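Following: one structure in structure tokens, then a few remarks.
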């Protein structure tokens, strides 16, 4: 009887529910708006009358109207803007407040850092959950100073999220040499018109190089792609078949060396500042200190073995450095006979523009290690430009693909993701922000400026938005033979419309805005 009674009650309640009149659409929308929307006033900034870069307005009736036509079974999103609340020029001390959320800072704070990172101190309300830090500035990296240049690195020691790639920022004075060496991975480089960056991806290193100064990187294999701005860098290499190569890379061009291929880098004398570049490696644990260097190896081989190997007298090796040179000025050195200590003559012997490799009986490499990206016309897009290079155009680059992207003020590198490859990015100029969506409601927004590194693990959705008043220029680097991305707009445009409408409540006008061809960089609406 108890069981039957329980069933009867359940049936009765169900009957009542079905018999009750359906709530009006207006009533439903009000309830939804009350649970999902909030009025968020402008952010206060201590000691300043500054108005925020983006005004945070109250919910408007139009948001209720949108809600009234929806059949969603969960609350609707908030239509209030969520832009950065200040820029680095703000006076006073920014506060961690967004509308009714947060409170002022009572204790000490690094004002310059908070000014440069508004979306960390006062994040958009769309941020949720946890995403590992995806920003690093080379200005925070320890620097290794050498005669003729310097080098500083980024790896998982400072940026744990970057498990697949690490990078090195290197500077060479005119005539200075990054000594003959090789890596366990391949090396590729991009020499951009403003900066030169060497970069590395898994099993690869990518390099980017620039003349002058960049705005304020233990890998078992390496490939490098390099980019730069002014000045030139001369590169040499010999492959496993005894075929050699020499080339000079200028602004906007690339170089690439497969894993294990010995090579050198030397700044030419056409610019008094020399060159600067960034190398990217295909292991987040890579350290520049683990490179195989010529002088380091020679100084750790018994001299009698050297004599047998090179079929000469032991005395021929008296001037081999006892320690690695790493970076040095290419001038003649001498030895103090009494102390056996080297005497370095600080002359800058720059490589001649027409320098030739010795003639090899095996000939030269079949596919050049350099690529004139500067001569490739960029794709002109509604919000900027893009140049994409991979093995389909740069034959030797089997493990590195890259894109050089510009975004005009108010424009955006569209919402997208990369199917399997992590993205290592370097910001050359401008101010940008990026939100990384890591699934399961985890999303976080980061702000970038010139000299910053960004990182997005494979498959995670993201965008890059220009939040400044000047052009954003940055690089996207991947450990892959062919560049790949999936555009959100393109995906939705090529999916049956009724299916998209059922998910997102789009009307026909909105569906018409979806792009059947990837927009890549989208201009202001």
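Counting starts with 1 at the first residue shown.
Heads up, the Cβ atoms here are built off N, Cα and C, so glycines get one too.
Owing to the predicted nature of the structure, the values given are computational and were not obtained by experimental measurement.
The signal peptide feature in TrEMBL is assigned to 1-19.
What TrEMBL lists as domain 'Cupin type-1' is 138-318 (among others).
Here TrEMBL flags 181, 183, 187, 263 as Mn(2+) 1 binding site. Residue 183 (Mn(2+) 1 binding site) has a Cβ environment of 31 other Cβ atoms inside 10 Å.
The domain 'Cupin type-1' annotation in TrEMBL covers 371-512 (among others). Summarised as a single figure, the pLDDT of the domain 'Cupin type-1' (371-512) averages 96.
The Mn(2+) 2 binding site annotation in TrEMBL covers 416, 418, 423, 462. For residue 418 (Mn(2+) 2 binding site), the same-chain residues lying six or more positions away in sequence with a CB closer than 8 A to its CB are 456, 458, 459, 478, 484, 485, 486.
Per TrEMBL, the feature active site, proton donor maps to 476. In sequence order, 402, 403, 405, 423, 424, 425 make up the list of same-chain residues 6 or more apart from residue 476 (active site, proton donor) whose Cβ falls under 8 Å from its Cβ.
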Distance between residue 462 (Mn(2+) 2 binding site) and residue 183 (Mn(2+) 1 binding site) at the Cα atoms, whole Å?
32
State the count of C-beta atoms found within 10 angstroms of the C-beta of residue 187 (Mn(2+) 1 binding site), not counting that atom itself.
35
For residue 263 (Mn(2+) 1 binding site) and residue 416 (Mn(2+) 2 binding site), what Cα-Cα distance in Å is obtained after rounding to a whole number?
36
For residue 423 (Mn(2+) 2 binding site), the number of other Cβ atoms found within 10 Å of its own Cβ:
25
Separation of alpha carbons, residue 416 (Mn(2+) 2 binding site) and residue 183 (Mn(2+) 1 binding site) (Å):
33
Residues flanking the Mn(2+) 2 site, with Cβ no more than 8 Å from the Cβ centroid of 416, 418, 423, 462 and excluding those residues themselves:
417, 456, 460, 461, 476, 485
